[in-house]
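Okay, so here's the structure we're looking at.
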């Protein structure tokens, strides 16, 4: 099933449907828009017919200089069986030749009162959001001090319990158990909860808890950009864990790499506090403060000074 149809665009931007009503269920498969200026001049060799077509004052003022035969020909070639729609901006008058051609090909022709550039920008942002690559990850997403922290790990390791403690400490839950992730940009991943389990948290022994009902609207968020991955794993005595923080792990989700911390779980460790500190430390690093690197530099200086003393 297509993610976006022309009907969705009409409803989202309150567009006036002028003609071609039979085609409002056509799928929109790309976030790219086309302003067919060169096509108005008669060059259709590289006409991107699969895109939404946007006609502004520039295109329509040139169109008015054409002969009646040219006008009819241009609009007939503009309306194809794969064109999802044609939008006229600025509330301009829709050419009768376009209405006739669109009715024959069932191409929706819409009109907006917005300026062309603003409409183009808003359409692109909307389509990029809706058509972005998506995936689902088993984990919990929490907003901790403004940092989107994705908590992962095997079932039963304590992800939901950690999220519950974080919410109790004033942070906000985004999703539990299943996190839907969409890639809105090359380096931007946004996580949200499936509609069915939105605001719900499952705790073994307690069952399902509605966090918004229990803690209020301030305890939940609908979506959040993911900045950090915290992987919880049962403590393995055979494994060497990072104790300085100089080595930064990365994990790839879709086409975006995110910093990852592996936190060993054992009785007595307060995981919620550790996740809080991890989020604060992440913010510090973004501000250019890296405690591990500063300690390493001081240690190197001390060793070097000690070596000189022995000399």
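Counting begins at 1 with the first residue displayed.
Here the Cβ of each residue, glycine as well, is placed from N, Cα and C on the backbone.
According to Swiss-Prot, the protein has these features:
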| type | residues | note |
| --- | --- | --- |
| ACT_SITE | 138 | active site |
| ACT_SITE | 159 | active site |
| ACT_SITE | 177 | active site, proton acceptor |
| ACT_SITE | 243 | active site |
| BINDING | 153, 154, 155, 156, 157, 158, 159, 160 | ATP binding site |
| BINDING | 160, 202 | Mg(2+) binding site |
| REGION | 264-269 | region 'Important for the catalytic mechanism of dephosphorylation' |
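Cβ neighbours of residue 159 (active site) (same chain, under 8 Å, six or more residues apart in sequence): 139, 140, 151, 152, 153, 176, 232. Cβ-based neighbour count (10 Å, all protein chains) for residue 160 (ATP binding site) stands at 21.
Those residues of the chain, other than 153, 154, 155, 156, 157, 158, 159, 160, with a C-beta within 8 angstroms of the mean position of the ATP site C-beta atoms are 232. Annotation: 160, 202 are the binding-site residues among 154, 160, 202 whose CA atoms are within 10 angstroms of the CA of residue 177 (active site, proton acceptor). With all protein chains in the displayed structure included, the most crowded Cβ environment within 10 Å among the recorded positions 177, 202 is that of 177.
Residues of the region 'Important for the catalytic mechanism of dephosphorylation' (264-269) grouped by DSSP class, helix first, strand second and coil last, total 0 helix, 2 strand, 4 coil.
Annotated pair residue 154 (ATP binding site) and residue 202 (Mg(2+) binding site), C-alpha to C-alpha distance, rounded: 15 Å. Counting in whole angstrom, residue 156 (ATP binding site) lies 11 from residue 202 (Mg(2+) binding site) by their C-alpha atoms. In this structure, 156 is the one among the binding-site residues 153, 156, 158 with the smallest number of other Cβ atoms inside 10 Å of its Cβ. Residue 202 (Mg(2+) binding site) falls within a strand segment according to DSSP.
Here the CA atom of residue 138 (active site) lies 9 Å from the CA atom of residue 155 (ATP binding site). DSSP classifies residue 160 (ATP binding site) as helix under the three-state reduction.
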